[in-house]
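Participant: Structure below; questions to follow.
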Amino acid sequence: MASAGGDECEGAAPEADRPHQRPFLIGVSGGTASGKSTVCEKIMGLLGQNEVEQRQRKVVILSQDRFYKVLTAEQKAKALKGQYNFDHPDAFDNDLMHRTLKNIVEGKTVEVPTYDFVTHSSQEIRDMFHLRLFVDTDSDVRLSRRVLRDVRRGRDLEQILTQYTTFVKPAFEEFCLPTKKYADVIIPRGVDNMVAINLIVQHIQDILNGDICKWHRGGSNGRSYKRTFSEPGDHPGMLTSGKRSHLESSSRPH
């Protein structure tokens, strides 16, 4: 996600007198079908951005899915059989992703590619995010969501499960789960955790209002703490199967 941020910490200046606002990047990660997109959409809704015309929005969602490499004819044939590994980092055009994020941070206009899931037409990136979130959802719940979603896409159940055990689960454990230590915020239960969602929304609202002093005081790149958000009834300080985030190696639904 990206929102319009600012650079001043000396008190609120009239909007017309403020310097040009720089985008504030938030990386959202998690396992396949953990609810990453749902969390982002919920945040957008609470910020009132879904009712705003696309070009007038102050907060936008940029999906890593858009940066899949274009498949060759041979790779497309494998993909149709569920034999292509969409979860490996090499499946993404990381150079294009890095250039796009860099241009966004610099306030430049960018063109984002669109990936078609029917035709299948690094640290460097991780460090570009000012805030990193990880959406934590139980693995059984994620698998059931993925199965239901892919069946709706016309996929065969046996193919779905084979792809999950062959590619998705191993890639999550090798590439996504190890990024746990880099997350600033963990969101247990995803979109159901409104304590976390509301607090993140408030932070974004502060940034949109130009009140970002707290981010600058907290340390480099706007990160001042690592935290797992719990709701009433949760054991204080307890991480329930916590996982952490960054866009570069997240295990996205395919």
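Even glycines carry a Cβ here, placed using N, Cα and C.
This is the feature table in Swiss-Prot:
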- Asp87, Tyr115, His120, Arg146, Arg155, Gln163: substrate binding site (BINDING)
- Thr228: phosphothreonine (MOD_RES)
- Ser230: phosphoserine (MOD_RES)
- 245-254: compositional bias 'Basic and acidic residues' (COMPBIAS)
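Relative to the rest of the structure, where do these features sit?
Facilitator: There are 23 other CB atoms within 10 A of the CB of Gln163 (substrate binding site), with all protein chains counted.
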Participant: Going along the chain, which residues six or more apart from Arg155 (substrate binding site) have their CB under 8 A from its CB?
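Facilitator: Arg155 (substrate binding site) has long-range Cβ partners Gly82.
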Participant: Look up Gln163 (substrate binding site) in the DSSP assignment and reduce it to helix, strand or coil.
Facilitator: helix
Participant: May I ask you to report the DSSP-based helix, strand or coil state of Arg146 (substrate binding site)?
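Facilitator: In three-state terms, Arg146 (substrate binding site) counts as helix.
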Participant: So which one is it: of the binding-site residues Asp87, Arg146, which has the fewest other Cβ atoms within 10 Å?
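Facilitator: It is Arg146 that, of the binding-site residues Asp87, Arg146, has the fewest other Cβ atoms within 10 Å.
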